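Feature annotations, reproduced from TrEMBL:
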{"type": "COMPBIAS", "residues": "18-30", "note": "compositional bias 'Basic and acidic residues'"}
{"type": "COMPBIAS", "residues": "443-474", "note": "compositional bias 'Acidic residues'"}
{"type": "COMPBIAS", "residues": "475-505", "note": "compositional bias 'Basic and acidic residues'"}
{"type": "COMPBIAS", "residues": "506-517", "note": "compositional bias 'Acidic residues'"}
{"type": "DOMAIN", "residues": "541-594", "note": "domain 'DUF4110'"}
{"type": "REGION", "residues": "1-43", "note": "region 'Disordered'"}
{"type": "REGION", "residues": "340-385", "note": "region 'Disordered'"}
{"type": "REGION", "residues": "442-517", "note": "region 'Disordered'"}
{"type": "REGION", "residues": "632-652", "note": "region 'Disordered'"}
Amino acid sequence: MAKAKAGKAAAKAAKKAKANEKQAKRETKVAKKAKGKEEGGDDLEAILEQAHKVTEEISTGPPSRRANSTLTACPSGNYLWCIGGEYFSEDGKAHFYNDVYRYSPDKNEWRLYTSPTSPSPRSAHAVASSPASGGQLFLFGGEFSSLNQTTFHHTSPSARSGHRMAMWKHYILLFGGFNDPGIKTKYFDDLWLFDTQLYTWKQIEFGPTAKRPSARSGFSFIPTAEGVILHGGYVKEYVKGKRVEGKALEDTWLLQMNAEDPLKPKWEKRKKVGYAPTPRSGCTMALWASRSTGVMFGGVYDEDTSEETMESVFYQDMYGYQMTGNGRWISLTLRKQKQKGKKPQIAQQKPQKDGSDTDMDETDQPQSAPKVATPGTPTEPEQTIPLPRYNALLAVLRNTLYIYGGIFERGSREYTLDDFYCLQLDKLDRFVCLKPCDVVFAENDDSSSDDSDDSEGDSDGSDGDEDEDEYGSEGEERGSVRNEKENRKEVTPMETDDKPEPEKEPEVDENDDAEDAEVDELTKQAQTFLGVSKDTTRSAEEAISTPLPGETLAMFYARSREYWAQKAHENSDNRGKLLRRDGFALAEERYGQSLHTNNSDTILNIVNTITETYRPVLKEVERILEEAGLDAEEIKRVGTGGGTSSGSRNRR
């Protein structure tokens, strides 16, 4: 009996010891698990911290040459932020950036910020700033392409570029823009609202009869207490059977926001009051908050003089749009320096017609600025005005306007500028160059460079005895470059006050007449050979759809890609690669038809004839090209008129 009790006690003790051992193991396991969690948490925080780490370094200078980037005033400090952009090198490669620069005006210092979480490289995006949470920048959209521009990528959720964003209260409003997959540019007129507190997008819908701005890109979009002001922009108009034409818009709208229900705003079109700028594109306004004014600088206006040629006028003038009340345009011209020891001459302004201060009819043209003549005042302030340009980056910090870069064209070449200027808007005394332009302009781009020089002279107020009205900075409409050329053609060197003595008429030699007739005939043949003869009756569609002599299939398709894509789109609903395949098939068929009419023997005979019989014609061709400053590469690029060419990608 005693032994049985002792055995039970021993078994009970062993069981209890085993239970205690299990409990100890369980506690050890829990302790290790907790310790592992804690160690793992530390690693995760370190990984996240490393992933969000921002590297800051002092840059040696401003950002490199670029276009279609953004320059934004910091909402919580005296800084400027420059983000992204693009640059096309001399070899035709497209380079996109995602770098972030900050400029400190107090130190005249640029700093570069990099982070693994930075936005991807892009251009033509939009940025809105908010002072909440110590200052925030919201970036949306843009585009990115391969080096050869064969593939374009737009960001989601709504793929677009060239749009604009503005901050109203804690909402970001986004309007317009375009999507360019490489075939046809599609423009948008939709309005979106982003709540920075909920981080949600909502599209604002309007009724079918509601008035609203048309689809566009590259417009001004600046916030006010009532809502947002929209002005101008650019759009390409596609008409079947005609060349694509770009249109610079000049209308102004107010988006009247509803504080109780932000999803129910109302568009209100504003009339032109004051000295409105002439129609132009590539001139987005920057907000001068302390004066409730939008500031505009530069721009470009393209005039289609014919189906095959276009003349561009570049501006370097400055305007302001006062957003209070019904809105009013003003001219921002540099103030003349007063001469010591003389009374300043006050210009007499002609009285305006009755009702000039009231709203003008929508069809009325902008008023011309009053002519101000102050002889004897120095023109030095005008000499500080930056070069004419479009797509310049503008930002206002306090009362200082900053202008960086832009695009300038001379002839058929585009130059991406990299100069940096500032101007005290409350003084309007002179521009200060913070960084000069390092771009070297070619002296002989082509024969059309004279047009650019003329337009530059029209906008530049530093030439000789030009008055402010000729400078055009007070809103006066400028004459076209073409009219100025015609006027210059009417003036000959013989039109002087001194009448020259009559000269004896030289005897007419029949041999000289024959030589002149032969030279004229050679010139006509050379122009016909080049395809630039004014007597040609080929339409633009025939020019773009017909292979040139000696042109390969690849060269022909590269020149007429957009034309065949549009033809293929008319016959099918395919898109993307399928549409490009159909377009190439049409181009190949047309190329084969052209070759079918000319066998190899005929082509060989033509080559021999040109080489031997028409050698004088070839010499005349070389002379014409040399005088025009054109090379073979440019001849291939422009062809015989460009057909449906849509021009520069900066005009979208």
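Here the Cβ of each residue, glycine as well, is placed from N, Cα and C on the backbone.
Predicted automatically and left uncurated, TrEMBL annotations should be read as such.
Owing to the predicted nature of the structure, the values given are computational and were not obtained by experimental measurement.
Across the domain 'DUF4110' (541-594), the prediction's mean pLDDT works out to 80. With helix defined as DSSP H, G or I and strand as E or B, the domain 'DUF4110' (541-594) counts 41 helix, 0 strand, 13 coil. For the compositional bias 'Basic and acidic residues' (18-30), DSSP puts the residue distribution at 13 helix, 0 strand, 0 coil.
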